[in-house]
Amino acid sequence: MKAMKRPNILLTGTPGVGKTTLGKELSQRTGLTYVNVGDLAREGQLYDGFDEVYQCPVLDEDGVVDELEEKMVQGGVIVDYHGCDFFPERWFHIVFVLRTDNTKLYNRLESRGYTGKKLQDNVQCEIFQTIYEEAMEAYSEEIVHQLPSNDPEDLEKNLEQIMQWIEQWMKDHN
Ligand code: DAT
């Protein structure tokens, strides 16, 4: 028997909006595989240079794509990253951009230890909806959806909505 087809889901948005929280819980509830691109890069040392301004290694985007390709072709993967324009468009069946109110995001990032330019730039990234615009350019607009991610009720609503979408997708494709 052929394996059930399962969708690939991209969770993107500014750091601190709640991608990891949503992605891990979604994985637990659905059995889909959760992949955190930041962790993947760290584990495989998929870096390409060093950013002097932010004092952090630069992601080797092609290396990440090569590393994930086989898994993505099989389907059933939830990918979490604060950027989205270097993944092959064909990988994803749906893209969620999580959004958080500025003051809430500021507080979350501050308690994560962000200060100075890093804190300012990330909050500005959210204010300018940089990642949403990146997603709208990189993917077909019909598959890009914004999700509010301000409080636990939002989290629960998002989980339920995505699970419903997965169920419908599975019915349509199997
Ligand atoms: P990201 O993976 O986008 O960087 P995260 O999942 O690590 O974000 O969440 C950042 C912080 O915000 C963390 O302390 C958990 C909290 N958080 C996430 N989703 C939330 C929500 N819907 N309501 C309140 N807090 C949330």
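Positions of Cβ are set from backbone N, Cα and C atoms, glycine also.
What you see is a predicted model, and the numbers here were worked out from it, not measured in a lab.
Cross-referencing 36-59, 84-107 with TrEMBL places the feature region 'NMPbind' at 36-59. Looking up the ranges 12-22, 67-77, 111-121 in TrEMBL, the one annotated as region 'LID' turns out to be 111-121. For the region 'LID' (111-121), same-chain residues at least 6 beyond its ends with a Cβ under 8 Å from one of its own Cβ atoms are 16, 53-54. Under DSSP, THR20 (ATP binding site) is assigned to a helix (H, G or I) in the three-state scheme. Highlighted in sequence order, PRO15, VAL17, LEU22, ARG108 have their Cβ within 8 Å of the centre of the Cβ atoms of GLY16, GLY18, LYS19, THR20, THR21, ARG112, the residues recorded for ATP, and are not part of that set. Counting other Cβ atoms within 10 Å of each Cβ, the binding-site residues LYS19, ARG112 show the lowest value at ARG112.
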